[in-house]
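Structure record follows, encoded as structure tokens.
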Amino acid sequence: MNKSTNIVWQKTSVKKADRQHLNNHKSAVLWFTGLSGSGKSTLSSALEKELFSLETHTYHLDGDNVRHGLNKNLGFSPEDREENIRRIGEVSKLMVDAGLITLTAFISPYQEDRDHVRATLAQDEFIEIYVKCSLDMCEARDPKGLYKKARLGEINNFTGIDAPYEEPLHPEIVIDTENQSIEESVQTIIHYLKDKQYI
């Protein structure tokens, strides 16, 4: 897929460490992964609001929103899902370089794709957050009506129904949204970020 030739990386005069120093916090990607309806978008949005109140520089990338623009030419085949996550990984890396804490809320069903994004970042810059919720509960919630459509055969390649979801092997954080409130979940992540001295 690498079609670019005759290009040279242009070094910048302002470094990532300079931006982190100015922002008074480390930059990182908080990578929320889980089934549709598990609570990724709700949790990541609530967390961003809390981080913002703590004067942290953040940006929130949501799966649906990104498919309205950057990834609007992609479908849901395994190949398109891989490219979707590759692009998000590259955008996230740019935002980390800009000194931001970037919150990404994507199903990102394949372990290999998540690992690829992790590999593009420094060791402590990728924080995988598994938003754990049973398929039964996600389907009962069904906030967008997608599970119903998938069961009726109106949507193909729907994760959890006729496409796989690979649970993270070693996530930094596991949030059980069946048993934890959004407020409790936000504080769990804030505690982690403070304990590891990101903020």
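Here the Cβ of each residue, glycine as well, is placed from N, Cα and C on the backbone.
As written in Swiss-Prot, here are the features:
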type	residues	note
ACT_SITE	S108	active site, phosphoserine intermediate
BINDING	G34, L35, S36, G37, S38, G39, K40, S41	ATP binding site
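Annotated features, which come from Swiss-Prot, shown on the structure.
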residue	record	CB count, 10 Å
G34	ATP binding site	28
L35	ATP binding site	24
S36	ATP binding site	25
G37	ATP binding site	24
S38	ATP binding site	28
G39	ATP binding site	26
K40	ATP binding site	28
S41	ATP binding site	21
S108	active site, phosphoserine intermediate	27
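Same-chain neighbours of the ATP site beyond G34, L35, S36, G37, S38, G39, K40, S41, judged by a C-beta within 8 angstroms of the site's C-beta center, are, in sequence order, A105, I107, V131, C133, C138, T177.
In this structure, the CA atom of S41 (ATP binding site) is 13 Å away from the CA atom of the residue listed as 'active site, phosphoserine intermediate'. Reported as a whole number, the C-alpha separation between S36 (ATP binding site) and S108 (active site, phosphoserine intermediate) equals 10 Å. If you measure from the Cα atom of G34 (ATP binding site) to that of the residue listed as 'active site, phosphoserine intermediate', you get 7 Å. Cα-Cα distance from G39 (ATP binding site) to S108 (active site, phosphoserine intermediate): 14 Å (rounded to the nearest whole number).
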